[in-house]
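Engineer: According to TrEMBL, the protein has these features:
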- B:20-449: domain 'Ammonium transporter AmtB-like' (DOMAIN)
- B:20-40: transmembrane segment (TRANSMEM)
- B:52-70: transmembrane segment (TRANSMEM)
- B:121-142: transmembrane segment (TRANSMEM)
- B:149-170: transmembrane segment (TRANSMEM)
- B:200-222: transmembrane segment (TRANSMEM)
- B:234-254: transmembrane segment (TRANSMEM)
- B:266-287: transmembrane segment (TRANSMEM)
- B:294-314: transmembrane segment (TRANSMEM)
- B:320-340: transmembrane segment (TRANSMEM)
- B:352-371: transmembrane segment (TRANSMEM)
- B:397-419: transmembrane segment (TRANSMEM)
- B:460-479: region 'Disordered' (REGION)
- B:461-471: compositional bias 'Low complexity' (COMPBIAS)
Amino acid sequence: MKLVTAIIKPHQLDEVKEALEAYGISGMTVSEVSGYGRQRGHSEVYRGAEYTVDFVPKVRVEVLVDDIDATSVADVILKAAQTGRIGDGKIWTVPVDDVVRVRTGERGVDAL
Amino acid sequence: MNALTLAAADTPFIDSGNTAWVLAAAALVLFMTPGLALFYGGMVRTKSVLNMMMMSFISMGTVGTVWILWGYSEAFGPDVGGGLIGNPFTHFGLKGVLDAIYGFVPATKTAAAAGGIPGPAFVAFQVVFAIIAVALVSGAIADRAKFTAWTVFTVVWATLVYFPAAHWVFAFSGYAAQTGGWIANKAGGMFLGGAGAYDFAGGTAIHINAGAAGLALALVLGKRIGFAKEPMRPHNLTLVMIGAGILWFGWFGFNAGSALGAGAQAAGVWVNTLAATCTAMLGWLLVEKLRDGHFTSLGAASGIVAGLVAITPACATVSPIGALIVGLAAGAGCALAVGLKFRFGFDDSLDVVGVHLVGGLIGTLLIGLLATKGSPTGAAGLTVNEGLFYGGGLSQLGAQALGAFSVLIFSFVVTYLIGLAIHKTMGFRVDEADEAQGVDLSEHAETAYDLSGLSGGRFGSGSAVTTTASAKTKEGAPA
């Protein structure tokens with residue numbers, strides 16, 4: 001099993017969610033996060049004093065998938081989240097040892 | 001015993017129109033202090049907004065109280081010498097004021113006062129000035145002052161600095177006081193011969209005074225942790241915009257109410273107040289666009305306040321065109337001045353110096369250039385000493401400078417001493433940990449917003465129990 005994590009622009013969330021649902025993914029975890037990449041943040045000016053805001057708001061989407069779906073899911077997210085403008089985010093995939101569904105105690109692929 | 005008796009000889013009468021306007025204006029001006037709380041509150045960080053707002057609100061409590069006890073008498077009681085201060089005991093507790101009538105056109109030896117206003121209406125109008133003057137100072141020490149120390153400061157500063165300054169500027173002989181203040185009165189045997197400076201609604205008594213006091217306190221307390229290194233951006237500019245709007249609204253009472261009657265002068269002053277504020281906003285925004293590349297909302301709000309400050313002393317003695325000039329100069333001048341704190345390294349957190357001291361000086365000094373008979377005061381049939389641009393020479397400019405810098409120096413020196421005395425005894429500044437965590441929590445045991453969802457006790461059944469337990473202990477303690 002794999003955990004696919006994507007950091008995306010907040011306003012791309014709906015598109016990513018719909019694309020994943022269309023692909024057949026039944027659940028995901030979404031959290032509000034902030035951070036910066038190569039483009040850094042932006043600057044704001046208050047009474048002439050300039051402040052650099054490094055951490056820009058992003059959304060983190062996490063999806064647990066079977067090994068064979070991992071690459072496709074990453075591609076689905078990529079397609080849905082891409083605007084081509086700076087700050088579109090990152091997607092990465094890491095292996096997961098075990099998954100348990102809390103309600104039933106099912107393990108592994110059955111729990112996905 | 002004071003002006004009322006002067007008027008009494010000529011059967012004074014209460015003019016209901018004048019009284020209605022002055023009472024309404026007093027309420028408008030009182031509303032400025034909560035407006036200031038929003039204006040200042042929005043400019044600080046999330047962790048200290050309640051403390052910032054409370055510093056304004058507490059001024060209503062303390063200054064309102066001492067005004068009734070001795071403040072009114074100190075400002076408008078019979079002069080105890082040299083036009084420097086009124087006798088605080090004569091009208092202690094407003095003794096002898098409730099049934100008085102104040103003539104809004106000064107009584108002279110040959111003419112009686114025209115339709116007057118009841119003494120309490122004048123008391124009400126002037127106390128709201130005292131309250132906001134004190135509250136203004138708090139902007140210089142945002143995020144780091146002990147609330148108790150600030151509360152003590154409001155009483156001491158009002159008593160030793162504001163009430164005397166108000167006497168200098170607002171107490172006219174035979175008008176509201178038997179013998180008035182040295183800046184207000186025209187030459188004629190007063191202290192320094194009577195400055196005869198114009199300050200219609202308190203540019204020196206309130207804004208230069210509060211600005212100089214803010215500078216003194218900022219120096220006593222020192223810089224905030226992380227000043228000029230960490231971003232300390234305003235946490236809620238919508239509050240700032242609402243506050244600026246309320247200040248503009250209330251300021252019509254501040255300036256036009258200072259005519260103490262509903263007539264030509266008040267109406268002209270109203271228009272001048274509008275005019276200057278409009279160009280001041282434009283002036284500030286223009287500087288920003290050229291310097292920083294953007295028209296900012298904080299700039300618009302700040303420009304509004306800068307214009308209101310500058311037109312306050314000048315609103316009755318300049319023409320509407322003069323008011324446009326005063327506003328433009330103040331908007332642009334203050335926008336350039338707010339950067340001074342970074343250059344000189346003092347932490348006047350919310351720019352009390354850059355906006356109120358600089359704006360007050362611009363307005364007060366420009367009277368020396370722009371005073372004209374074609375002003376609301378001239379239109380009301382009263383004499384105006386014309387300024388330099390109207391062929392009046394340098395004498396009025398000299399009088400304005402004397403008044404302005406006297407208040408500036410007096411306020412700075414006395415405030416510095418008061419601040420230092422409080423700092424050395426009870427301590428004026430919170431400790432480092434409290435400042436880092438935010439003074440809302442350390443000074444008031446409150447926080448303004450629950451933004452995280454994690455701090456509201458959703459995971460905190462344990463902490464909720466602790467809270468209840470400590471609250472019980474506290475309740476039990478006084479018994």
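Backbone N, Cα and C atoms are what each Cβ position is placed from, and that goes for glycine too.
Unlike curated records, TrEMBL annotations are generated automatically.
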Engineer: Could you check whether the transmembrane segment (B:234-254) and the transmembrane segment (B:149-170) come into contact, where contact means at least 3 Cβ pairs under 8 Å with the two residues of each pair 6 or more apart in sequence?
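Structural biologist: No; fewer than 3 Cβ pairs under 8 Å.
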Engineer: Would the transmembrane segment (B:266-287) count as touching the transmembrane segment (B:320-340), i.e. at least 3 C-beta pairs under 8 angstroms with sequence separation of 6+?
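Structural biologist: Result for the transmembrane segment (B:320-340) with the transmembrane segment (B:266-287) is yes.
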Engineer: Three or more CB pairs closer than 8 Å, sequence separation of 6 or more: does that hold for the transmembrane segment (B:52-70) against the transmembrane segment (B:149-170)?
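Structural biologist: Contact criterion met.
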Engineer: At a threshold of under 8 Å on Cβ distances, which of B:121-142, B:200-222, B:294-314, B:352-371 pairs most often with the transmembrane segment (B:20-40)?
Structural biologist: B:121-142
Engineer: Report, as numbers and ranges, every residue of the chain located at least six residues beyond the transmembrane segment (B:200-222) whose Cβ falls under 8 Å of a Cβ in that stretch; write 'none' if there are none.
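Structural biologist: Apart from its flanks, the transmembrane segment (B:200-222) reaches 129, 132-134, 136-137, 139-141, 144-145, 153, 157, 161-162, 165-166, 168-170, 183, 254-255, 257-258, 269, 309-310, 312-317, 346-349, 352-353, 355-361, 363-364, 377, 403-404, 407-409, 411-413, 415-416, 419-420, 423, 428-429.
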Engineer: Is the transmembrane segment (B:397-419) packed against any residues at least 6 beyond its ends, judged by a Cβ distance under 8 Å, and which are they?
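Structural biologist: Same-chain contacts beyond the ends: 137, 153, 156-157, 160-161, 164-165, 168-169, 183, 192, 195-199, 203-205, 208-213, 215-217, 219-221, 357, 360-361, 364-365, 367-369, 385, 387-388, 428.
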